[in-house]
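Going by Swiss-Prot, these are the annotated features:
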| type | residues | note |
| --- | --- | --- |
| TOPO_DOM | 1-25 | topological domain 'Cytoplasmic' |
| TOPO_DOM | 47-52 | topological domain 'Extracellular' |
| TOPO_DOM | 74-399 | topological domain 'Cytoplasmic' |
| TOPO_DOM | 421-430 | topological domain 'Extracellular' |
| TOPO_DOM | 452-457 | topological domain 'Cytoplasmic' |
| TOPO_DOM | 479-497 | topological domain 'Extracellular' |
| TOPO_DOM | 519-540 | topological domain 'Cytoplasmic' |
| TOPO_DOM | 562-578 | topological domain 'Extracellular' |
| TRANSMEM | 26-46 | transmembrane segment |
| TRANSMEM | 53-73 | transmembrane segment |
| TRANSMEM | 400-420 | transmembrane segment |
| TRANSMEM | 431-451 | transmembrane segment |
| TRANSMEM | 458-478 | transmembrane segment |
| TRANSMEM | 498-518 | transmembrane segment |
| TRANSMEM | 541-561 | transmembrane segment |
Amino acid sequence: MRQQDAPKPTPAACRCSGLARRVLTIAFALLILGLMTWAYAAGVPLASDRYGLLAFGLYGAFLSAHLVAQSLFAYLEHRRVAAAARGPLDAATARSVALTISAYQEDPAYLRQCLASARALLYPRARLRVLMVVDGNRAEDLYMVDMFREVFADEDPATYVWDGNYHQPWEPAAAGAVGAGAYREVEAEDPGRLAVEALVRTRRCVCVAQRWGGKREVMYTAFKALGDSVDYVQVCDSDTRLDPMALLELVRVLDEDPRVGAVGGDVRILNPLDSWVSFLSSLRYWVAFNVERACQSYFHCVSCISGPLGLYRNNLLQQFLEAWYNQKFLGTHCTFGDDRHLTNRMLSMGYATKYTSRSRCYSETPSSFLRWLSQQTRWSKSYFREWLYNALWWHRHHAWMTYEAVVSGLFPFFVAATVLRLFYAGRPWALLWVLLCVQGVALAKAAFAAWLRGCLRMVLLSLYAPLYMCGLLPAKFLALVTMNQSGWGTSGRRKLAANYVPLLPLALWALLLLGGLVRSVAHEARADWSGPSRAAEAYHLAAGAGAYVGYWVAMLTLYWVGVRRLCRRRTGGYRVQV
């Protein structure tokens, strides 16, 4: 029998196959959940000294194996990307692409860099469109329209200030009419929408300022106005500086494999030397993309195509555009987590999502702790919400997607439980031992990142662990209980508003830990330290405290000598006046 004559599976067979995959996926997820919970709760020791002070348990072994596997697959993905052939792009057959930029109260310096980098993209001009949509049409928002017109002055740019948006109710009578009396004629459709679509589909460089509606409304306008006029759609934020090769490398990934529906690039920090927060964020970003997402890309299931740099197949995007925009959670319309839900919609269709380190951009990150905390809280909200949606489609992708989702979803809860248990029921050495293990694992992960990147400064990533434990961890629990509250969060940079709500869980967390610490110290002060086991514990406590202090002295010295000096000089960084 010839291959083309092979019988196709019947719909019933497809349904049975899909059901079987669902059952197996659920069983696998429950297995991972059960094993992790049992390993954590049972506390099975694998190795220990005679007094049980230096112990290594099954749960620790599981997490260590997870980090090793993740690092290995990330390395293999980088090897695969580096070995891939990269021939020149044929301008005659290049896919048509629309670069969409979402803008909201952007700092003028960042916006100018973004637009200039869009002009400098190495992609056939005839196959590339640039569309910026501004969230706001008031007088104070129009400086972004003027800047777009200025930067693209030689490209015959088109600009339009729209009184409404796609979801603003339009009244024909309010739009004006022709004639009088019984022969009065009114517009049948919103003339603003028609004008926007006509400009977007006929001009190469277009900027639209529309009625405020949030970032998702802005992105919807760009996607809807484009329709099916292009092959691929690139998303970008207005604080992002694109590498000249960024778009070309993304296009190559989609061109190489029709099963890939979306691809993301390497997002780096534009202002790493503004503060210690932005510096640690720059290191964390690199690991998040080049280790964690590179690992996911090895299995074709990247969980989030980041907003500053992503490319989607337009024919697929248009299929779920309305469902994406109208997403609701607990009865509330979702206005954040746009990028993660776009990725989830693509995954729900069974298409792969990829990451390539060859495509790169630079994006602004908060330099103040409070604004960083607000950003992380907002991102955590979308993570938990999208985790639930993502679970519906685990069966359509590699088992790694299920495994990693379960592990990463449970991790914050296990960390919080461990910390509280040690502070309230543990002895001083047990608490110090866990802190040493946490920093040891963080240092090992940072050392691998330093080797993979070829940059010794990456070892300072281990300083991010306390920031996670003391700041990000309580923020995640605030996000969990406020998932249905929405807003732009940290996206507007021209006018920064302080939001002190994320400090509340930090204060509660600090009080909980302080209470546990006081209780443990009071209990240990009454204990008898004369026995051999207590003497050994005192010795380990002194040695461990010395090692812990020595570690911090070394890391902080490296930071102050190698980084903080550069922060003062702002070498290689970007200082933006707000």
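These residue numbers are counts, starting from 1, taken along the chain as shown.
Note: Cβ is positioned from N, Cα and C throughout, glycine not excepted.
Contacts between the transmembrane segment (53-73) and the transmembrane segment (431-451): present, as 3 or more C-beta pairs lie under 8 angstroms, all at sequence separation of six or more.
Long-range contacts of the topological domain 'Extracellular' (421-430) within its own chain (CB-CB distance under 8 A, at least 6 residues past either end) are made by residues 53, 512-513, 515-517, 519-521, 524, 537, 540-541, 544. Distant neighbours of the transmembrane segment (541-561): 276, 279, 428-429, 432-433, 435-436, 439, 443, 459-460, 462-463; these residues of the same chain sit at least 6 beyond its ends, with a Cβ under 8 Å from one of its Cβ atoms. Assigned with DSSP, the residues of the topological domain 'Cytoplasmic' (452-457) fall into helix, strand and coil as follows: 4 helix, 0 strand, 2 coil. With DSSP classes pooled into helix, strand and coil, the tally for the topological domain 'Cytoplasmic' (519-540) is 16 helix, 0 strand, 6 coil. Each residue of the topological domain 'Extracellular' (421-430) gets a DSSP state, and the totals for helix, strand and coil are 8 helix, 0 strand, 2 coil.
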